[in-house]
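Features of the protein shown, as given by Swiss-Prot:
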type: BINDING; residues: Asp8, Asp9, Ser39, Asn91; note: divalent metal cation binding site
Amino acid sequence: MNILLSNDDGYHAEGIQTLATYLRKFANVVIVAPDRNRSAASSSLTLVEPLRPRQLDNRDYCINGTPADCVHLALNGFLSGRVDLVVSGINAGVNLGDDTLYSGTLAAALEGRHLGLPAIAVSLDGRQHYESAAKIVCDLIPKLHGQLLKSREILNINVPDLPYENLKGLKVCRLGHRSSAAEVIKQADPRGEAIYWIGPAGLPEDEAEGTDFHAVQQGYVSITPIQPDLTAHHSLRSLQTWLEQE
């Protein structure tokens, strides 16, 4: 199996390096990842400046672009040879509920799916037990690879920051929901000019049983199928009826 591995925390992040070590026990893995932290880059592509891949000593690559750039470049003529699966992660921090709208981790997987390949995104609820998340991915790939090939979806996997043996199991979940984000943080630079920082994410608001929030809080690995089709299908008929009214 040939796996393309990317992330949004950057090539040197512990999460992607740990995952690469585990995946290379049974697969051919090439990393194409950002050269720096590009968290919350979402699915943005770089269009106004060139992308500059830099090959590293172990034949992996880091790029001066976003996670989506990395996967797009890798699969659209940069890499030679077949790729069977795109894996993104391990992210330092969860991607639950509304986090998926901003996540570069999810975006790398979605770009792979958009370009016709099965894809998985994996995140850890912390910064300690990356090996637990890596083992979960290695457990799941043999089970799910065939099914993923038939699907237009990606899998969003979130792992509690616990030792592998303390994880309670796997749960297939829907996305939960966060409250609105906190206000931006206003400061002043050394010249007295106003600068702003994006504030913290909102707290979980819909964390009921059956959500990804609830599963991770209870010590389970959450698995949520994500589709790139953003159409609100349930609203099509009512919207058409509204437009036809005199």
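Cβ coordinates are placed from backbone N, Cα and C, and glycine is handled just like the others.
Contacts of Asp8 (divalent metal cation binding site) defined by a Cβ separation under 8 A and a same-chain sequence distance of 6+ are given as Pro34, Asn37, Arg38, Ser39, Ala40, Ala41, Thr66, Pro67, Ser88, Asn91, Ser103, Gly104, Thr105, Ala107, Ala108, in order along the sequence. For the recorded divalent metal cation site, residues Asp8, Asp9, Ser39, Asn91 set the reference point as the centre of their Cβ atoms, and the other residues of that chain within 8 Å of it by Cβ are Asn7, Gly10, Ala13, Gly15, Asn37, Arg38, Ala40, Pro67, Ala92, Gly93, Ser103, Gly104, Thr105.
Sorting the binding-site residues Ser39, Asn91 by the number of other Cβ atoms within 10 Å puts Asn91 first.
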